[in-house]
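Participant: According to TrEMBL, the protein has these features:
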- B:94-295: domain 'ABC transmembrane type-1' (DOMAIN)
- B:9-27: transmembrane segment (TRANSMEM)
- B:104-122: transmembrane segment (TRANSMEM)
- B:134-161: transmembrane segment (TRANSMEM)
- B:173-191: transmembrane segment (TRANSMEM)
- B:226-248: transmembrane segment (TRANSMEM)
- B:279-298: transmembrane segment (TRANSMEM)
């Protein structure tokens, strides 16, 4: 009995103490915020992050995912660099010399060394780009070269073309050590300079790649760096560390000395690490957002990303879904505001369009969504019932079962239920069968048209509306709806080839989106958002809609 | 004994080969694609990738190809991780899981046997049902609940231990404890039941009649005999626990092999599925052999001689 009493005394003391500490801790950090020391840089410029997965690959030729792309963009420098959604000249000294037909671009390179002390040359760019088009290097994402129209890229990548694999014919040439000439099939599209910041367009040095052989890019020291940071260590499975690159030409803008990434798969563990000060930033999944907004309101930040999420409506194998009124009914039946507020709750916004808002500005300096900020909404629940009644008459049906293909992650499961319930509730007589699958299998079923509705998302490959639009043309592998519209196809074709007249191209893409949304081949749902908490002393971290996913290249830490 | 072990080792190779083959075939029947960005590629580009990795060949050809490489020590590269060699993942990740599992097994076994003996000796008394109630709780509640409670209570609330990681000795305490609780509980149950049974045996009465001291009876006769079934459980349990606990490793961010296996299956990372399964199978097979040999050491009656086994 005595021992018990003692323990409860100790426990209540600990409880009281930690409450006091929590209150002090809270007021302490906020007073620092308003206090005099708030603008002084801390001596220790170390930033600690948690991330859910390890780096899949460091080899710029193998990069397909955001984490790998992020590492490459933080540690390497291409001709340009994305920061705050705008491109800046990086290895290119500035505007290239452009030929009269706007097809040939001659870049002057800056003096910059690789991390082993040898200079970065134009030949390194030529080799890097050619390697992306060399089948022997097993490139994973090189179609970007064709998207931007680098000369012969499409032919070199096509196994049925006589030029297949002959990467020497790629439109890139070193005129001398510091001059790089890029030749395109047509005048450069507006996203030409921004795409040059991507991992696929980084320089790689031939002698180093060959000397490393199979070991190339397998560890932190089997890769060369020329960017703001170098990868100092990579402990596979547990995390990696960046150090500031003291030889980077623009090093004055890098304030952080060390950046640590720790692989933490459980959100609750990441939250606990943040609470105990072991990491300075933490991504919040929907169930944590409200609690954090209450306990640490000043630390919660949100950004809208450029991922678009939608339902494929399969009219190829399901004849009923060929009916426009039925597709409109499906579109109108889903309350998107409810979805983003109650289920996602992470900064995502409702969407009724193909191209997201705040992603890219046109030649007029206005956002693509400026004229149609709300997109093309099909209407509310009442409209849904009307469309559904019309569809029932036209099709001669009274009931309909829909097979809804989606993914099986815990966050998607809630969305699946929500969408299914909305359809059932607002379209009486409709039943929905959810088929939740792992990604690998989802892709397979989606490509084989084994679904009626399929939940999917799309992130941009380059900073241009076309990255969301051209996938819907007839016969594109991503167009798993069976929708086909000749007018749409011809508009996309003219915007793809008519890159010379920028203003006309811009309008053509807007027109194409309008035509598509009149037909509702898909049901747009939302534009993704990201919500996180960051310590008040951390400044300058950003999550841009295009470019490095987590941009800490200019972040810094204040005294605290 | 030698012949017996040689024979067992031959069987081990056969069972390993069967496991390898069955895994390969069932893996090839799994639906889905190993290429994460298959939706971004045209059929030609996808065909190209399949060709690069030999996935366009008949399964029989792929199987022979895999065996050939396996014999030469090449387990291939991970699709999920830019073709980094699978062997490297196993070499880096497995020792971590092994260490975690072994620590939990050692702690769990010692405490479990201890509690079991106590409960068995004090049968139907307070110590017995107290220990057994605790052990029932330990068996029924999954380890990740303990992990979450321990992490929040001892790392966030009072901050005695680090929240996560696997570096300092202090960082081992919580994950090992969470994992060991289940082991303690299960082994305590087993040990108690065996003790109770053994203490009722005639030879214990004989020993008492011979005038042996209580401690001699308990240590020399009771515990030793009660241990035999416990050893049977410990073998496969060790194999299961050292091959990684997905949940515990995730909660305490331990870079072990547990999550690798699950991730590989979900993403159709064929070489990784094969590599991790082979490792698990090999461990299980070896663990069972070790258990059989241990029997002989504990119980002289089971000791096998070359002449008898043939």
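Including glycine, each Cβ sits where the backbone N, Cα and C put it.
Here the structure is a predicted model, which means the values were calculated and not measured.
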Participant: For the transmembrane segment (B:134-161) against the transmembrane segment (B:279-298), do we get 3 or more Cβ-Cβ pairs below 8 Å once near-sequence pairs (under 6 apart) are dropped?
Facilitator: no
Participant: Tally Cβ pairs under 8 Å between the transmembrane segment (B:173-191) and each listed stretch (B:9-27, B:104-122, B:226-248, B:279-298), then give the stretch with the top tally.
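Facilitator: By Cβ pairs under 8 Å, B:104-122 leads among B:9-27, B:104-122, B:226-248, B:279-298.
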Participant: Take the C-beta pairs under 8 A between the transmembrane segment (B:104-122) and each of B:9-27, B:226-248, B:279-298. Which stretch has the highest count?
Facilitator: B:226-248
Participant: Against which stretches of its own chain does the transmembrane segment (B:9-27) lie, if we need a Cβ under 8 Å and a gap of at least six residues from its ends?
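Facilitator: Same-chain contacts beyond the flanks: 59, 63, 66-67, 70, 270, 273-274, 277-278, 281-282, 285-286, 289.
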